[in-house]
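In TrEMBL this protein carries:
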- 1-23: signal peptide (SIGNAL)
- 35-163: domain 'DUF2147' (DOMAIN)
- 70-96: region 'Disordered' (REGION)
- 81-92: compositional bias 'Basic and acidic residues' (COMPBIAS)
Amino acid sequence: MNISKILFAACAVLFCTLTTATAQSLDNPSDIIVGNWQPSNGQSVVQIYKGKEAAGEDPKKYYGRVIWLKEPNDPDTGQPKLDKNNPEEGQRKNPRKGLVIMKGVEFTGSKNELTWGEGTIYDPNNGSTYSFEATISTKNLNVLEGRGYIGVSLFGRTDTWKRMVKK
């Protein structure tokens, strides 16, 4: 067998593997959002997961927890950063790492339109909670466009999150 046939066979196997993986993930499009995502500022990583009944979450909805912080400690105290801007005083001593910031997000799309909404996202930098919707392109399943807004989606901010892929 010559080198060109071996190279062709290897490329064919790789193509089939990638095509099958994408097709399988689109069979259950709602779960494509599950994974670890880094917002555009690079300051954190959010793990998006399906709700757990044992944690009081709806198993048909999606939630996001901060699992990594670039600067996990408060520069003034040297201690882990806390949710000090939370409007609920009793929550202000909770550490930011481990904080569930995305709650109750539902799959609102289809196999051809990967969208989620109806949930909220919390910004620990200012203590505000916003309505939240997200879109993932079927052409690139590793980029999420998330939009937080108050009232109408027109009045909000969009941020691009990148899926953290194991190397």
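Each residue, glycine too, has its Cβ placed from N, Cα and C.
According to DSSP, the compositional bias 'Basic and acidic residues' (81-92) comprises 3 helix, 1 strand, 8 coil. With DSSP states grouped into helix (H, G, I), strand (E, B) and coil, the domain 'DUF2147' (35-163) comes out at 6 helix, 69 strand, 54 coil.
Regional average pLDDT for the domain 'DUF2147' (35-163) in the model is 97.
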